[in-house]
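Accompanying notes for the structure given below.
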Amino acid sequence: MIIKPKFRGFICTTAHPEGCAQQVRNQIDYVKSQPAINGPKKVLVIGASTGYGLASRITAAFGAGADTIGVFFERPSSGNRTATAGWYNTAAFEEAAREAGLFAKSINGDAFSNEIKQQTIEMIKREWGKVDLVVYSLAAPKRVHPETGEVFSSVLKPIGQTFSNKTVDFHTEEVSHISIEPATEEEIRHTIAVMGGEDWKMWIDALQEADVLNEGAKTVAYSYIGPVVTHPVYREGTVGRAKNHLEATAHELDKQLKKIGGEAYVSVNKALVTQSSSAIPVVPLYISLLYKVMKEKGLHEGCIEQMYRLFNERLYTGGEVQVDEEGRIRIDDWEMREDVQAEVSARWSKVDSDNLKELSDIEGYRRDFFQLFGFETDGVDYEADTEANVTIQSLA
Ligand code: NAI
């Protein structure tokens, strides 16, 4: 079929298999063009199909020569409906890994459930014995608690007071004001349950109990801080509370892993266009301004550049892992540089619908968003008849 982008709200409901495969190959090529990483050899990535998790998997495999198991929640194609982008990404990743002689298997299902944890542990025991690194990169709107069955939904809201600021609709390129009502206590509790550290700890507990973590094993989860302008809706809002919980969990897990000489970290990453971040109000406008400023300064990075730097310059340097005063890894260092933030902030106060194109990289934002779903990618013929039914080999 001929596959075109189709939108429902800020989500694209179609994905292009060839475009997704090309995006994955581009990421692999980037990692292969960089010096090899003396890193982990058996890597479990939870949330491995898109965004930072996919880039982590690619970096581990093609940077450090690691065998990988990826866990994610994606949908295959059915009838005239395409699969999700993460499905196509994984099919392409597995194919490239196998060609390179690397083990790559995937588990598609709800990572919050006990069943998927057990399935993963069985696969590790059967195929590897033990794991060297566990990357936790889930971003989900909902979680069913595995013990109580309670269904939690995360929300993106400020806490304590209404937040009003500028936002952009990148489809229409219109800058407008939005107001977001504060979250209730219940919504805060729910968001912490979905995006906080409880499930990460459940994974590490289960892996440790099953004795499948190698001596010196590491685990890392991802967080975000960002500029003052987004603090009310992000870092000081509901998701920020969840990130505080995630960061506190890292300290707990670090102590727990000391028994096997292991370590747990949170890495604070750069703001980037992913399926998750595009759903946050205000943030897309910030990202558009940030992209423009960082590109002008030659500092721009995507998920793959960030993850390569995380592995090569932080987690696997051979020496101590460099952290901030709160024990967090910072690869948002370039985003948070004083000159970058000062410039973004000056532009923030001026930006409106008329000067959006000049002050921000709204075009780069839009293109990155389409590329998440395999569209607008160089080297792909979008008029060609394309097979939407693609198999992930390890799931076949
Ligand atoms: P993403 O939406 O690209 O990826 C989410 C992954 O989680 C996908 O692989 C998806 O299949 C998987 N997933 C979702 N629900 C699942 C479930 N129930 N069971 C199994 N897998 C499930 O998101 P992104 O942006 O890469 O986020 C990953 C982490 O990075 C999050 O913790 C996020 O807060 C953090 N982060 C993101 C930043 C950004 O700007 N995008 C910046 C800094 C941190």
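Every residue, even glycine, has its Cβ placed from backbone N, Cα and C.
Over in TrEMBL, the protein carries these features:
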ACT_SITE  Tyr234  active site, proton donor
BINDING   47-52, 73-74, 110-111, 138-139, Lys243, 272-274  NAD(+) binding site
BINDING   Tyr224  substrate binding site
DOMAIN    2-78  domain 'Trans-2-enoyl-CoA reductase-like NAD(P)H binding'
DOMAIN    81-316  domain 'Trans-2-enoyl-CoA reductase catalytic'
DOMAIN    323-385  domain 'Enoyl reductase FAD binding'
SITE      Glu74  site 'Plays an important role in discriminating NADH against NADPH'
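Shown on the structure are the features that TrEMBL records.
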| residue | record | contacts (Cβ under 8 Å, 6+ apart) |
| --- | --- | --- |
| Gly47 | NAD(+) binding site | Gly53, Val71, Phe72, Ala111, Val135, Tyr136, Ser137, Leu138, Ala139 |
| Ser49 | NAD(+) binding site | Gly70, Phe72, Glu74, Thr84, Ala85, Gly86, Trp87, Asn89, Thr90 |
| Gly51 | NAD(+) binding site | Ser137, Ala139, Leu272, Thr274, Gln275, Ser276, Cys303 |
| Phe73 | NAD(+) binding site | Asn108, Gly109, Asp110, Ala111, Ala140 |
| Tyr224 | substrate binding site | Tyr234, Arg235, Lys243, Val268, Asn269, Ala271, Asp332 |
| Val273 | NAD(+) binding site | Pro284, Ile287, Tyr365, Asp368, Phe369, Leu372 |
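Note on the domain 'Trans-2-enoyl-CoA reductase-like NAD(P)H binding' (2-78): DSSP counts are 30 helix, 16 strand, 31 coil.
Checking the recorded positions Gly47, Gly51, Phe73, Tyr224, Tyr234 against ligand 1, the ones whose Cβ sits under 6 Å from it are Gly47, Gly51, Phe73, Tyr224.
The recorded positions listed here are Glu74, Asp110; among them, Glu74 has the most other Cβ atoms within 10 Å of its own Cβ. Within the model, the domain 'Enoyl reductase FAD binding' (323-385) carries an average pLDDT of 97.
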